[in-house]
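A short write-up of the structure that comes next.
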Amino acid sequence: SGVAERPEENGHHNKRLKGDVGEEDAEDQNKKSPKRKIVLLMAYSGKGYHGMQRNMGSSQFKTIEDELVSALVQSGCIPENHGEDMKKMSFQRCARTDKGVSAAGQIVSLKVRLIDDILEKINNHLPSHIRILGLKRVTGGFNSKNKCDARTYSYMLPTFAFAHKDRDVQEEVYRLDRETLDKVNKLLACYKGTHNFHNFTSQKGPRDPSAKRYIMEMYCGEPFVRENMEFAVIKVKGQSFMMHQIRKMIGLVIAIVKGYAGESIMERSWGEEKVDVPKAPGLGLVLERVHFEKYNRRFGNDGLHEPLEWTEEEEKIAGFKEQYIYPTIINTEREEKSMVNWLNTLPIHDFNSSVVGVHTNHKNSKNSSDLEGSDGCGDDSD
């Protein structure tokens, strides 16, 4: 694909004789590098960002992609005009993460010039809390969103979130007992399989076929203590998720375990009626990894393409989480008390009555929330 030559400052094209290589600058060296379809493995701490996806024309909402595109241009991987029109480089993110949400294994696909030391050069232009950890060549028609067949998220939360509402707990002192953890896991396991999650997102009616989602696994791991506070991590793997879906799935389980809602609310929420499902804070949510099982079976061993597996990068991923993601979640929790403040809103929810009548579609009033992106990347995320 021929890249248009950029006029120099004086308005003239920089014409050069074939033999005149001495003065060759990086820009021209780059033009000779072939453009190839690649995927980048990204990790980032999402605090302070309005999600992953770029919002063209609203510069006050800084996103992860704004930083990435700027680094791609500055490092010489893409020409400047591709930064303004991302379609030109066939850019596609695998999941559109919400405002404040982090990622340890986000994948983007795009066409770039394969310059030397490409990863190092891109990372040099990124802030330290956003890293490109890996790169692989993929087939020309590869699209990271369409080819992704599952996504795994984790949600790190302080365990006092599961303390019963009638117990007066000191956040620092609270420790989760086995019985409560078993109850949490029993409830999380109910989400497995295919359900109608229209109550776990906005803008979807109960009869919208895209509200049906398939969850492969969901469980809460063993608690651990960090800086005197006990935390636990919930893992969820699903085909795709709608906006706010995971945070609402976790919010509902917390409401049940704390004693604000009965267990029957779960079955009810998958039915047609509108149920008030609370949305847990975005802070603890991390996109852990995206799965390309079908693609790997088809192209991973064809001798031309690498399978999209990141075993060699696992250590870097773990290191990034320890250095940037977990400390941000822990410190923000301690300073801003996002979980404590959210738990205080649970009594305001009405878990018993259901909003009977038409499931209206407040498209216009809801558009501002679209800027937050979506927990995963269902059909509604782009």
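Every residue gets a Cβ built from N, Cα and C, even glycine.
It should be emphasised that the depicted structure is a prediction, and the values quoted were computed from it without experimental measurement.
Lifted from TrEMBL, the feature list:
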ACT_SITE  ASP98  active site, nucleophile
BINDING   TYR153  substrate binding site
COMPBIAS  1-21  compositional bias 'Basic and acidic residues'
DOMAIN    191-293  domain 'Pseudouridine synthase I TruA alpha/beta'
REGION    1-34  region 'Disordered'
REGION    359-382  region 'Disordered'
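Using DSSP to sort the residues of the domain 'Pseudouridine synthase I TruA alpha/beta' (191-293) gives these counts of helix, strand and coil: 26 helix, 34 strand, 43 coil. If you measure from the Cα atom of the residue listed as 'active site, nucleophile' to that of the residue listed as 'substrate binding site', you get 12 Å.
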